[in-house]
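K.L.:
Encoded as structure tokens, here's the structure I'll be asking about.
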């Protein structure tokens, strides 16, 4: 009869300083299907090392070990994991159940790594627990079960994928005599069902119940009676068959890894929350700075637009501060008419200004009087709270009419509800009020200077007595390049004057400078916020590294029941990403609260969240999880299952 497990001259040595300590010294052993074998020996005799090699948790230094004719030395790590998953079931002295999983969930773990569908897993786990008398304990956690019940859960887990070979390491060592007898009775039943049962023990009474007792001493077999030949041995029971297609198996495996990661995080809620805190603050900082910074930029640009955007001012002289008399009369009314005819001009308004006294009844105030055209208010985006602007008839007739700003209205008419039609003195000229320009709220503040506007023909002809203009403001049509328009304007006036006795001031350049400045400032603040996100990511990495250390035994258990290194890597990586994703979602929520609070205190700000900003925040948190979760996950995947199981 061909042995199920065949060992020939197995040796296992470990480094100890500069030397090699040989634990197993030429072990040769055959174990047949359906046998119940006990391996006995004193502590340090090498029986646990032999069990680890039998269960494919460890590899021999030399020699040959075959499982059902397959030489395990030719198998890589994933193939060994598959061999453990499909052929072996482990029963440990300390049960080695995962504390954050219920009895039913613990039993399901081997089938998760076998790729069995959830419904099939659940039915099989319930069936096994019922067979072992735990049908009313399926939802209990290990801490709620007695030692005997925990060991029965461990046995059910060993049988989940079929458990052709049951490896029991001191299965009764931590139990009272009654529970120990129950466990041994179950092992006898498994033997009767066709399982191969290998018990590692130092208890003579337990060993006596086996069909064959193999004694090991100082790494050598000193007693090995011949096997009892069995007829019609099934060689195990109900092996689990996975019929799920490759793609569905991948999706199912990912979902299970996600579920296991969530359970692991939920088992340590406070630590998980504290780990998330750095990500929450980082994401909230990034999103808030981007969103609030954008709102502030729009507010600044709106204030600049209120001054007049897409406009070009033309002044006499060579530059600001040039008071050369030969240039002061450079701009004429004919220049204004020529400019208004250009195809790229939306509107053009002249300006003639002088500081004058305004009087109404017994109120006498100083103000800046500006002679403009009716287009002036359109050029600067100003609206009216009362009345309207000048019409062409008033401009042509040098009408004695005036438009007030809201500050002037309050000074001259503090108690009047409607001031249109009232007459005031502008200098020594009576003028009828035809409108009140609405005050624009600006983050730069309001001007302290009182301002009034008259038709430029009235201002120059009736008030100042001059035939030239102090300046011309041109509004460029939408769609035309402001810089190109400025060049054409300069060319036009230079041809008309025969020389360049004027200079221009393009507000579009100011706008672009402000936009560049705000972008730079926003980038700087975003980088500061990103640093806080990186700090949060490092916090995640530190906690995950600690988690790997704390959960080393759990990793060993998962590997013992068939988890591949990639399964462990995936689970810990998903845990890190999950922490960062949930932290990112909470960070976005926090940034929404910050924005809502700012909106209450700054009603003029338009704070909005674009879908792109939210998507980038989620991508950022996911990338943080992958980046800073990789090292801990890799460390977890590289753990040796024997070393991992040995740690507490």
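Backbone N, Cα and C atoms are what each Cβ position is placed from, and that goes for glycine too.
Pulled these features from Swiss-Prot for this protein:
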{"type": "BINDING", "residues": "41, 42, 43, 44, 45, 46, 47, 48", "note": "ATP binding site"}
{"type": "DOMAIN", "residues": "5-243", "note": "domain 'ABC transporter'"}
{"type": "TRANSMEM", "residues": "273-293", "note": "transmembrane segment"}
{"type": "TRANSMEM", "residues": "523-543", "note": "transmembrane segment"}
{"type": "TRANSMEM", "residues": "576-596", "note": "transmembrane segment"}
{"type": "TRANSMEM", "residues": "600-620", "note": "transmembrane segment"}
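Quick one: where do these features end up spatially?
P.N.:
DSSP gives residue 41 (ATP binding site) a coil state; it is part of no helix or strand.
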K.L.:
These are the binding-site residues: 41, 44. Which one scores highest on other Cβ atoms within 10 Å?
P.N.:
41
K.L.:
Across all the protein chains here, work out how many other Cβ atoms are within 10 Å of the Cβ of residue 45 (ATP binding site).
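P.N.:
Counting Cβ neighbours of residue 45 (ATP binding site) within 10 Å gives 21.
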K.L.:
Take the domain 'ABC transporter' (5-243) and average the pLDDT across it for me.
P.N.:
87
K.L.:
Minimum Cβ neighbour count within 10 Å among the binding-site residues 43, 48: which residue?
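P.N.:
Sparsest of the binding-site residues 43, 48 by Cβ contacts within 10 Å: 43.
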K.L.:
Sort out for me which one of 42, 46 has the most neighbouring CB atoms within 10 A, since those are the binding-site residues we care about.
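P.N.:
Counting every other Cβ within 10 Å of each candidate, the maximum falls on 46.
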K.L.:
Beyond the listed site residues 41, 42, 43, 44, 45, 46, 47, 48, identify every same-chain residue whose Cβ lies within 8 Å of the center of their Cβ atoms for the ATP site.
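P.N.:
So the extra residues in range turn out to be 202, 216, 217.
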K.L.:
Near the Cβ of residue 47 (ATP binding site), how many other Cβ atoms are there if near means within 10 Å?
P.N.:
25
